[in-house]
Every structure is written in structure tokens, then in C-alpha cells.
Amino acid sequence: MEKREDLETMLPYLPLKIQDSSLSWPSPHLVEILEAMAKGPSHSGVDSGQNLSDSISDMRQTLSLTSYLSSSALQGYALFFDERMSKEESSRWFNEVLPAMACLLLRFPSLLELHYLNSDNLINGTKTGLRVLGPNKAGIVFLSQELIGALLSCSFFCLFPFDNRGSNHLPIINFDKLFGSLINTGRNEHQENKIKCIIHYFQRLSSCIPPGFVSFERKILSLEQGSSSLDESFWRKSTVSLCPVEVHTSGLIEDQSVEALEVDFANKNLGGGALRKGCVQEEIRFMINPELIVGMLFLPTMEVTEAIEVVGAERFSHSTGYSSSFRFSGVSQYKLESLLRETNKALCGFLHVCKKQGDAQCIDHEDGVGVATGNWGCGAYGGDPELKSLLQWLAVSQAKRPLMSYYTFGFEALQNLNQVTELVVSKGWTVGDLWKKLVKYSNQRLKIKKRREPKLGLFDWLISIQSA
């Protein structure tokens with residue numbers, strides 16, 4: 001590992017060290033902290049925002065990070081996880097998501113080693129290893145989505161060294177400024193919602209790590225054959241035909257349905273103010289596609305004849321609004337794969353499995369035991385409470401439970417839940433009948449979102465189709 005030029009350019013900006021020709025965490029105590037965290041809050045004691053904040057400080061001390069982490073940043077972590085999350089969401093975060101992130105960080109050194117071992121063979125004759133892609137030097141880096149998850153976990157825990165980043169024109173990469181912006185600025189809702197996008201990304205990662213790759217390429221404008229410079233005469237003498245143009249008076253670039261290069265035209269520094277207080281075109285894109293953020297680790301400021309092309313960054317969230325009105329609106333929960341994931345996961349939890357394996361007749365039964373549930377993922381994760389409630393109803397019914405007791409916690413959107421369930425029962429619908437209606441409605445919502453048309457809630461839609 002010591003002889004790799006690509007790793008040599010990155011090592012000053014990474015929290016790892018080379019020991020005995022292998023990458024490793026430099027502190028055994030840090031490994032102990034991560035191992036405890038990976039086992040859950042009962043072992044680590046990290047079960048609140050304040051405890052998380054203290055743990056981040058401890059982790060940074062084990063790495064001897066000299067850069068100052070402001071008190072507002074640590075307060076921001078405590079505020080978000082203790083006061084801006086519901087108890088249900090907070091419990092899921094500390095019991096499921098944070099341990100998964102710790103496991104990923106424990107594997108980070110080996111993931112990075114594997115990356116370097118494979119990078120030489122990815123494209124014949126082309127370097128693809130993680131390295132600083134500086135100005136006036138074209139190059140490309142390929143990163144697995146798993147490695148990106150580990151790198152962004154480092155950002156969340158503020159583990160990247162800060163020294164020399166500014167002098168080398170590299171933007172900030174830790175999340176301390178992002179969380180610190182929640183303090184002393186009033187109720188900063190658009191900043192909260194930027195963080196919700198990041199939190200949702202890690203939640204997705206904890207349930208299933210995507211298997212793909214993302215490429216980051218620094219491109220430099222080269223002169224075409226026979227051209228001495230790209231001056232006014234170059235354009236005046238061009239005989240290339242003009243291409244067709246489609247004008248869209250509504251919609252967003254990120255919502256376009258055909259394959260195309262999507263242009264971010266905001267800032268010479270990749271990411272702009274994504275990890276600070278910025279919340280316009282570029283920053284929003286980096287929140288809904290968080291894998292873009294990792295490019296800020298190794299891509300310095302662009303020159304006027306340069307561009308950065310990113311391919312393969314997955315969209316994990318949807319949003320509404322712009323600038324101060326920006327709001328996290330959840331994942332593409334209306335896609336069929338999302339409907340299946342939610343309903344199958346609910347069925348897994350609600351289904352009774354006999355503990356008496358091999359018996360002809362199961363005596364380990366739960367006759368008469370219903371399900372008491374509520375608003376899954378409808379707080380910080382932005383789920384549609386009307387859709388989530390009916391998906392759970394499907395799963396409870398399919399599990400042949402006798403009853404679903406649903407607690408709405410006063411959600412105004414669910415005030416007609418009783419009316420809708422009574423209507424469905426009166427029509428004699430089966431689980432399959434209701435499932436087909438939910439898929440149809442979800443397909444319509446996806447089309448409406450692309451056209452930015454007013455949307456009709458699921459309950460109103462079900463009532464309307466029965467009245468028609």
C-alpha cells in the first residue's frame with residue numbers, strides 16, 4: 001500500500017494510517033468505541049443525541065484531530081436527535097442505523113484496501129483509484145456505493161482531518177457545520193430538512209447497501225483538431241447544426257424521465273454550500289443524492305475550462321420547495337419496489353411462525369392476538385400516513401390477525417381512516433383488491449409528481465372512485 005501514488009495523495013485527508021503494509025484505524029480505542037456502538041446502545045450507551053455528541057468528541061480525540069469542533073456543532077447533533085426526531089424514529093436510529101454505520105466504519109480500512117486492489121483492473125490503462133484530482137489534470141475515480149457509505153459515515157462522525165484542506169482548495173467534508181447551523185439561528189427548518197435527507201440515506205444504507213459504483217471525472221476542455229483557441233472566431237466559424245430543443249414550463253431537472261446529462265450550474269466548488277447553510281439548486285441536489293457529497297473529499301476548485309461529471313449517484317430522497325422553503329418529502333414511496341418493501345417487512349413482523357418445527361399441527365398459536373401499530377416512517381422520514389396505514393392493514397390481514405388497532409397520534413391526514421376502512425369492508429374487497437387500488441393510486445402519484453400537478457390524497461381518491 002505504501003507505494004501507491006493515488007493513496008499517497010489521499011492519506012493526509014483520511015483518518016486512517018498504513019501499518020505493516022495495510023490500512024488501519026490509528027487508535028485501538030476508536031476501534032473499541034465502534035465495536036461497542038455496532039452492538040447497539042445497550043453496549044455503547046449511545047441512545048440519545050447528547051450521548052452521540054459526546055461519542056463524536058471522544059472519537060475525534062482518539063484520532064488526535066487538532067481542528068476545532070465548535071460547541072454549536074455538538075449542540076446541533078444533540079438538538080436534532082433529541083428534539084427534532086420522534087421517539088419512534090430516534091429509537092430506530094440508535095438501535096438499527098447507528099450500529100450499521102459503526103459496522104461499516106469497522107470495515108472501512110479493508111473496503112478501501114479492496115478498492116485500491118481492484119482499481120487497477122477496472123478499466124484497462126486508466127487509473128480509477130481514489131486520489132486527489134487537482135486542477136488542470138483530467139482523471140476519473142470509481143467508488144463502490146458501499147465504500148461511499150463508509151466515507152460518508154466518516155463525515156457524519158466528523159472524522160476527516162481538516163488541516164490543509166482549505167489551502168489546497170478542497171471544500172469542507174465533515175458534517176459539523178451542517179448540524180451546527182441548527183443552533184443560534186432560530187427554527188431553521190430548511191437546514192433540518194437537509195439533515196433529514198442525510199438521515200434517510202443512512203437509514204436506507206442500514207437496511208440494504210446498494211451494489212453499484214459511482215464515477216467522478218474531472219474533465220478539461222481540450223481544443224478540437226485544427227483550433228488554436230476557443231475564442232470568438234471558433235464559435236463564429238462553427239458549421240455544426242443546431243440540435244432540437246424541448247421547452248418545459250414546469251418540473252425539475254432531477255425529475256426528468258429520459259436519460260440525459262443533468263446540469264448543475266451553480267458553483268466552482270463542488271457541492272457549493274451543501275454542508276453549510278446553502279439550500280438552492282446544487283445544495284438540494286447533493287441532499288437528495290448524498291453520494292455526490294463524497295466528491296467534495298477529493299475534488300478541489302474547478303478552473304474556468306473544467307467540469308466535473310458524476311455518473312451513478314443514486315437518488316435516495318424526494319423534496320419540495322427551494323431555499324428557505326426546502327422540505328424533505330421522503331423516498332419515492334410510491335414506486336412498486338417501495339410498496340413491496342414496506343408491505344413485506346410489515347408482514348414479516350406481523351406473521352406468526354410456529355416454534356414447533358416439524359409438527360403436523362402447530363400448538364404454539366396466537367389465536368385472538370391482534371396488532372397495535374401506528375404511523376410508520378411518517379415523521380422525519382416523510383412517509384405518506386394514508387398509504388402507510390393501508391399497507392399495514394394489508395399485512396395484518398394477510399397474516400390472518402383478527403384485528404389492527406391503529407393509533408394515529410392525532411395526525412390530521414388520518415382523520416378519515418375509519419371511514420375509509422369501513423368503506424373498503426362494505427365493498428367486500430380482499431387484500432388483493434385493495435393492493436391493486438394502492439398500486440394504481442401510486443402510479444398516478446408518480447405521474448403527477450413529474451408534471452407538478454395538484455395531488456389528491458389516497459383516502460379522498462378511494463372515496464371518489466367509489467362514488468363515481
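Any Cβ shown, glycine's included, is placed from N, Cα and C.
Listed features, source TrEMBL:
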DOMAIN    85-218  domain 'PARG helical'
DOMAIN    234-330  domain 'PARG catalytic Macro'
ACT_SITE  Asp264  active site
BINDING   Asn267, Gln281, Tyr322  substrate binding site
ACT_SITE  Glu282  active site
ACT_SITE  Glu283  active site
DOMAIN    332-416  domain 'PARG catalytic Macro'
CB contacts for Glu282 (active site) [other CB atoms within 10 A, all chains]: 20
Extent of the substrate binding site in Å [max Cα distance among Asn267, Gln281, Tyr322]: 17
Counts by DSSP class (helix H/G/I, strand E/B, coil) across the domain 'PARG helical' (85-218): 71 helix, 14 strand, 49 coil
Inter-residue C-alpha distance, Asn267 (substrate binding site) and Glu282 (active site) (nearest angstrom): 8
Residue among the active-site residues Asp264, Glu283 whose Cβ has the most other Cβ atoms within 10 Å: Glu283
Nearest-integer angstrom distance between the alpha carbons (Cα) of Glu283 (active site) and Asp264 (active site): 10
For Asn267 (substrate binding site), the number of other Cβ atoms found within 10 Å of its own Cβ: 18
Other residues, Cβ within 8 Å of Asn267, Gln281, Tyr322 Cβ centroid (substrate site): Asp264, Ala266, Gly272, Gly278, Cys279, Val280, Glu282, Glu283, Ile284, Arg285
Rounded to the nearest Å - Cα separation of Asp264 (active site) and Glu282 (active site): 6
Per-region confidence, the domain 'PARG catalytic Macro' (234-330) (mean pLDDT, whole number): 88
Euclidean distance between Cα atoms of Tyr322 (substrate binding site) and Glu282 (active site), Å: 11
Other CB atoms within 10 A, centred on Gln281 (substrate binding site): 19
